[in-house]
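A.B. asks: Dropping a structure here in structure tokens format, bear with me for questions.
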Amino acid sequence: MKFAEHLSAHITPEWRKQYIQYEAFKDMLYSAQDQAPSVEVTDEDTVKRYFAKFEEKFFQTCEKELAKINTFYSEKLAEAQRRFATLQNELQSSLDVQKESSGVTTLRQRRKPVFHLSHEERVQHRNIKDLKLAFSEFYLSLILLQNYQNLNFTGFRKILKKHDKILETSRGADWRVIHVEVAPFYTCKKINQLISETEAVVTNELEDGDRQKAMKRLRVPPLGAAQPAPAWTTFRVGLFCGIFIVLNITLVFAAVFKLETDRTVWPLIRIYRGGFLLIEFLFLLGINTYGWRQAGVNHVLIFELNPRNNLSHQHLFEIAGFLGILWCLSLLACFFAPISIIPIYVYPLALYGFMVFFLINPTKTFYYKSRFWLLKLLFRVFTAPFHKVGFADFWLADQLNSLSVILMDLEYMICFYSFELKWDESKGLLPNDPQEPEFCHKYSYGVRAIVQCIPAWLRFIQCLRRYRDTRRAFPHLVNAGKYSTTFFTVTFAALYSTHEEQNHSDTVVFFYLWVFFCIISSCYTLIWDLKMDWGLFDKNAGENTFLREEIVYPQKAYYYCAIIEDVILRFAWTIQISITATFKPHVGNIIATVFAPLEVFRRFVWNFFRLENEHLNNCGEFRAVRDISVAPLNADDQTLLEQMMDQEDGVRNRQKNRSWKYNQSISLRRPRLASQSKARDTKVLIEDTDDEANT
């Protein structure tokens, strides 16, 4: 692998601009070589003057790059030293509290089960657990910084060697010895010391001297491109997807030849439609994950996943393929139910029962940690007013807004099984009389409207919670207003349908109100998508017309196509309303069934650019690992952090807002731990690029 490819594969994406610009240096060298005057045409002195002038410019650029790297390394090292001192303080506090409460000197001498502990002991146990996670993330940040150090030194060595080879000189090697090999980012070995001290603290204080267990906890995933999935996972993905395609073809033939024309299929379609949308969502999320990783968008950090253990795109494809097979088999079983001894109504219950069991399965199998993470996230989403809202929380709630059809179909399934299903018929899910009125359509319309509003309500109260935490009307209250338009749209749609069924004279009034609020909602959400969620139409976009100053994905056409797609699908309701008002209700149901997968696709496209925008915000803050602390932030710090996160133009301005940090000096007392021989004071000067600390 060429070094340029190696560098691109192993850099920390959030620090991309802080690495040596290796490709730019290569272009300079090759351009100088191509444009150099020929000795055959001009005299030798002219050629020498040309290369002397080029070398002066080249080494000036090298000096700027070296200064940039030194400054950034010094800042991140100072940040790491402060963080280490803070973690030691928190650890020492936990040790002191435990010694006072139990009289023991280590964390592992007390082995009572968690559910037998007192409230104070439970809090202490949770603090220790948080400390282990915090040290694990801190260790990862140290490895990233060490990797930054090594890659930049190797980059200088490679490009200066290439300089000497092209120009047939040794001045590049001399410059490296004089400048690079004495540069603070290379000579400072404090990062190695911090790594050793962190390993010692985790081993002696948190893992009771078990170094093997400590290093397993601190294990860092490969710092490079996505590692190839295990062979069996790849095999299962191919197998499941192949079977799923074959079963879908079989379903089409079965539907044509097995379904009777005198039976209505809408109950069956509405019961199985939600399962298909969920499978589509999982498959497209796998494509999202693959695309993020290829483009360098750090979704693991954005969602605050465990970098040592998370699902790859291959795993998501595998789950989607497996559930897709079950969905096809269940639907095929319904088609062939007359020749089976099992009643038709059992198959949907078995399918969705298995899906629920797969999610809540308490055994540590089938991606236990990922399923547990999702369950915790769902709990946080549905209890939004009582928790601080993070990115993953409102991202999942946004996904639910595009999957509201699943909730509506679930409500319909419960109603159908409760009131419409004829349990004594073998074809209970395929009623005989297509003209027979649908009891659930009338009985549960108010309930269906409430269910349809649930996802928007979740995002609405999340916005109110964020306003409560930050006291910033923009963007949180404005965003809440966006989701409130859904309530009006659904309400007037329900009133229109109800009054139309009863032939009320005021039906047309509710129809126009419904259309009016649909227009308001679509315009509101479209503007928010493009401007706030995606960060497009930036006035400082420069050559990226109508986009933003910095883009991650390689082709501008992706962005323009996404804008057009979002506009079309945000206003696709106009087709559905027109057809529903003109033709029979079942025609409207057909359109709704077609548009539901398209809305999932729209959210799939939205995900790419929403996470890109968040990734660029992290780049603006040079944030590469999760921020985990046992000690809670005070109100002022929390408000400041929220304001930085929500700043619309944060990618550019956050670096300006950081300037207040550079002239501070911070003195922190490191407490004495068993893994250290004596207490030390560490004074960190952030503006000092030689990284020497007074100890």
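Here the Cβ of each residue, glycine as well, is placed from N, Cα and C on the backbone.
Worth saying up front: this structure is predicted, and the values here are computed from it rather than measured.
What Swiss-Prot shows for this protein is this:
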- ASP398, ASN401, LYS482, TYR483, ARG570, ARG602, ARG603: phosphate binding site (BINDING)
- 2-224: domain 'SPX' (DOMAIN)
- 366-383: intramembrane segment (INTRAMEM)
- 158-165: region 'Important for inositol polyphosphate binding' (REGION)
- 671-695: region 'Disordered' (REGION)
- TRP573: site 'Gating residue for phosphate transport' (SITE)
- 1-228: topological domain 'Cytoplasmic' (TOPO_DOM)
- 260-264: topological domain 'Extracellular' (TOPO_DOM)
- 297-309: topological domain 'Cytoplasmic' (TOPO_DOM)
- 338-343: topological domain 'Extracellular' (TOPO_DOM)
- 384-388: topological domain 'Cytoplasmic' (TOPO_DOM)
- 423-429: topological domain 'Extracellular' (TOPO_DOM)
- 535-553: topological domain 'Cytoplasmic' (TOPO_DOM)
- 626-695: topological domain 'Cytoplasmic' (TOPO_DOM)
- 229-259: transmembrane segment (TRANSMEM)
- 265-296: transmembrane segment (TRANSMEM)
- 310-337: transmembrane segment (TRANSMEM)
- 344-365: transmembrane segment (TRANSMEM)
- 389-422: transmembrane segment (TRANSMEM)
- 430-471: transmembrane segment (TRANSMEM)
- 473-503: transmembrane segment (TRANSMEM)
- 507-534: transmembrane segment (TRANSMEM)
- 554-584: transmembrane segment (TRANSMEM)
- 587-625: transmembrane segment (TRANSMEM)
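Quick one: how deep are these features, and who are their neighbours?
C.D. replies: Within 10 Å of the C-beta of ARG570 (phosphate binding site) we count 19 further C-beta atoms, all protein chains included.
In this model, the domain 'SPX' (2-224) carries an average pLDDT of 86.
The DSSP secondary structure for TRP573 (site 'Gating residue for phosphate transport') is helix.
For the topological domain 'Cytoplasmic' (297-309), the number of residues in each DSSP class (helix H, G, I; strand E, B; coil) is 4 helix, 0 strand, 9 coil.
With a threshold of 8 Å between CB atoms, the same-chain residues lying at least 6 positions outside the topological domain 'Cytoplasmic' (384-388) that come near it are 397, 458, 461-462, 464-465, 469.
Shown for the topological domain 'Cytoplasmic' (535-553): DSSP residue counts in helix, strand and coil, namely 0 helix, 0 strand, 19 coil.
Same-chain neighbours of the transmembrane segment (229-259): 265, 312, 314-315, 317-318, 321-322, 324-325, 328-329, 331-332, 335-336, 430, counting only residues six or more beyond its ends whose CB sits under 8 Å from a CB of the stretch.
Proximity of distant same-chain residues to the transmembrane segment (265-296), defined by a Cβ-Cβ separation under 8 Å and at least 6 residues beyond the stretch ends, is recorded for 13, 16, 225-226, 259, 311-317, 319-321, 323-324, 327, 330-331, 334, 348, 351-352, 355, 399, 403, 405-406, 409-410, 412-413, 416, 420, 429-431, 438, 552-554, 586, 589, 593, 596-597, 600-601, 603-604, 607-608, 611-612, 615.
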A.B. asks: How many other Cβ atoms are found within 10 Å of the Cβ atom of ASN401 (phosphate binding site), counting all protein chains shown?
C.D. replies: 17
A.B. asks: What are the DSSP helix/strand/coil residue counts across the topological domain 'Extracellular' (338-343)?
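C.D. replies: Tallying H, G and I as helix, E and B as strand, the rest coil: 2 helix, 0 strand, 4 coil.
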A.B. asks: Give the three-state DSSP assignment (helix, strand or coil) for TYR483 (phosphate binding site).
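C.D. replies: DSSP assigns TYR483 (phosphate binding site) to helix.
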A.B. asks: Between the recorded positions TYR483, TRP573, whose Cβ has more other Cβ atoms within 10 Å than any of the rest?
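C.D. replies: The most densely surrounded of these recorded positions is TYR483.
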A.B. asks: Taking just the CA atoms, what is the gap between LYS482 (phosphate binding site) and TRP573 (site 'Gating residue for phosphate transport') in Å?
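C.D. replies: LYS482 (phosphate binding site) to TRP573 (site 'Gating residue for phosphate transport'), Cα-Cα distance: 17 Å.
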A.B. asks: What whole-number Å value do you get for the CA-CA distance of ARG603 (phosphate binding site) and TRP573 (site 'Gating residue for phosphate transport')?
C.D. replies: 16
A.B. asks: Tell me the Cα distance separating TRP573 (site 'Gating residue for phosphate transport') from ASP398 (phosphate binding site), rounded to the nearest angstrom.
C.D. replies: 19
A.B. asks: Residues of the same chain, at least six outside the transmembrane segment (389-422), with any C-beta under 8 angstroms of its C-beta?
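C.D. replies: Long-range Cβ neighbours of the transmembrane segment (389-422): 267, 270-271, 273-274, 277-278, 281, 302-304, 345, 348, 352, 377-378, 380-381, 428-429, 431, 438-440, 443-444, 447-448, 451-452, 454-456, 458-459, 462, 465-466, 469, 486, 592, 596, 599-600, 602-603, 606, 610, 614.
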A.B. asks: Calculate the distance in Å between the alpha carbons (Cα) of TYR483 (phosphate binding site) and TRP573 (site 'Gating residue for phosphate transport'), and round it to a whole number.
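C.D. replies: Counting only the Cα atoms, the answer is 17 Å.
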